[in-house]
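Everything on this sheet refers to the single structure shown next.
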Amino acid sequence: MHGVTGATSFLFTEYQYVGIFMVAFAILIFLFLGSVEGFSSKSQPCTYDKEKTCKPALATAIFSTISFLLGAITSVLSGFLGMKIATYANARTTLEARKGVGKAFIVAFRSGAVMGFLLAANGLLVLFVAINLFKLYYGDDWEGLFEAITGYGLGGSSMALFGRVGGGIYTKAADVGADLVGKVERNIPEDDPRNPAVIADNVGDNVGDIAGMGSDLFGSYAESSCAALVVASISSFGINHEFTAMLYPLLISSVGILVCLITTLFATDFFEIKAVKEIEPALKKQLIISTILMTVGIAIVTWVGVPSSFTIYNFGDQKVVKNWQLFLCVGVGLWAGLIIGFVTEYYTSNAYSPVQDVADSCRTGAATNVIFGLALGYKSVVIPIFAIAISIFVSFSFAAMYGIAVAALGMLSTIATGLAIDAYGPISDNAGGIAEMAGMSHHIRERTDALDAAGNTTAAIGKGFAIGSAALVSLALFGAFVSRAAISTVDVLTPKVFIGLIVGAMLPYWFSAMTMKSVGSAALKMVEEVRRQFNTIPGLMEGRAKPDYATCVKISTDASIKEMIPPGALVMLTPLIVGTFFGVETLAGVLAGALVSGVQIAISASNTGGAWDNAKKYIE
């Protein structure tokens, strides 16, 4: 039960700090948006259609702030509930592992699925309720209504940022600290109860991989829904007040939930898993089945819910789109997601040559291993980028910015299945930790390790989805920003834009440097503390005395909370500062630059990490 209390107390501490930040940022949003018309409460002509009158800017400011807070709360909730489910699931998986691999797999997988459905349904429900409540005030002014709804996406992703960074620093500091001293210096097995950092390590898996991942995917999901809704509100759907067609993004997600329900049954009920080697294929089938079923689902929704021909706002003019073109936009995003998933799997699973080559290179020491690992990560960027590029080209040429937003939604439509196979990783990892700490027989540890090796790959697949969809979402939001700021073209050849591009491309590196340094210094503290305990507590190695777990947990907690603020502030404040001092064109350059370089770092770093982890398992 250490794990449950540890994870909960950490999240509460983290959310207190983040809560203060949220309130401050909400006030900022209100001031920035309200001051547009000097806080007047008079109605004014609409931005895109000057004949009509729209609700005042003050109203939009109030409602945007509300939806920002709604998004933030939903995001926090999805991370927190996911982690609660996971902490219960860990021990159950360990117990089921006594009966065999198949039983343990079902428990771990079902727990992941519970989290996936909870998150997808939560995000959808809150958004739908918010739209309907805001409609009571806005009435026919849909342009203002959906502009206010965008706050939801911002809230979701800003929380995800802190959850990801805070959780990531926590889990990595504990992991490095525990393994460096325990495995390398003292030569005791991983997750051994004599290791003082073992509790911090198990808590970290929940906080970083589950709560972080949950918030992260929710953030992408909320943003792509909002981006699509904003563009639709100034297209024919919004102008003619076609509510069903307007909510097309939400329809995609809801069909996605139904599809994932059917898909999950394939892993747990239709086919029983008997042996270890069936685990990874079963998880892979999940992706394929959900994608195929979803393609059919999208076709039905598009045919029923959207008129056969309509117009989409495209930088100042309305572009005519047919419903089959819209179907292709969503479909291309969906299949691009599958491709990214499979490429990730190929590069990070120890069943294929890339990881085996990395493992092989260890024979000549750590240096060659590092070189091979980095090369693998960089090489794994190639195909996903082409997949993203093709889906951007197709969806943009069919339906402009709306196409890109729904392509991102297509990629995220099977989010419940994606999260199920993703949360499965940390759950089975911790089940192994519990087995080791409780001193169960080595058969059980072997079974949980087999579950866990598949889990490392699926965690990388989950990250792949998050990265791919985030790239599409950022582009859609960038498009929304450019059309809202009334910039007709972003010209790379003007110095204002170009300096923006080059500085923007640097930002992900700056951000990564901050987070890596934070992890490094926290891990250093952790190593010193673990060494101190091994050297000063008599009888610790023989198992007569208990280590002081709490101090290690505190080190991780303090480090991650202190260190998550600067990277977070960098991301949130850059657009405000650049826009205020250098103007909109430079800001457009900065956003484009950060998007382009961020995707590359993200994919390569994620895959290098997953590959090294599995190479280690392959050697063991």
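Note that Cβ sites are derived from N, Cα and C of the backbone, with glycine treated the same way.
Just so it is clear, the model here is predicted, and its values are computed rather than measured.
Pulled from TrEMBL, these are the features on record:
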{"type": "TRANSMEM", "residues": "15-36", "note": "transmembrane segment"}
{"type": "TRANSMEM", "residues": "57-81", "note": "transmembrane segment"}
{"type": "TRANSMEM", "residues": "113-134", "note": "transmembrane segment"}
{"type": "TRANSMEM", "residues": "245-267", "note": "transmembrane segment"}
{"type": "TRANSMEM", "residues": "287-304", "note": "transmembrane segment"}
{"type": "TRANSMEM", "residues": "324-348", "note": "transmembrane segment"}
{"type": "TRANSMEM", "residues": "369-394", "note": "transmembrane segment"}
{"type": "TRANSMEM", "residues": "400-421", "note": "transmembrane segment"}
{"type": "TRANSMEM", "residues": "465-487", "note": "transmembrane segment"}
{"type": "TRANSMEM", "residues": "493-511", "note": "transmembrane segment"}
Tertiary contacts of the transmembrane segment (57-81) (same chain, 6+ residues out, Cβ under 8 Å): 11, 15, 18, 22, 25-27, 29-30, 33-34, 36-37, 39-41, 44, 115, 118-119, 122-123, 126, 130, 134, 137-138, 144-145, 147-160, 163, 210-212, 214-215, 218-219, 222
Interface check, the transmembrane segment (324-348) with the transmembrane segment (400-421), three or more C-beta pairs under 8 A: yes
Among 113-134, 287-304, 369-394, 400-421, 465-487, stretch most in contact with the transmembrane segment (245-267) (C-beta, under 8 angstroms): 400-421
Per Cβ pairs under 8 Å, the stretch of 287-304, 369-394, 400-421 packing most closely against the transmembrane segment (113-134): 400-421
Stretch of maximal Cβ-Cβ contact with the transmembrane segment (287-304) [cut-off: under 8 Å; candidates 369-394, 400-421, 465-487]: 400-421
Close approaches to the transmembrane segment (465-487) from elsewhere in its chain (Cβ under 8 angstroms; 6 or more beyond its ends): 47, 150, 153, 213, 216-217, 220-221, 223-224, 227-228, 230-231, 313, 315-316, 333, 336-337, 340-341, 384, 387-388, 391-392, 400-401, 404-405, 407-408, 411-412, 415, 418, 584-585, 588, 591-592, 595, 598-599, 602-603, 606
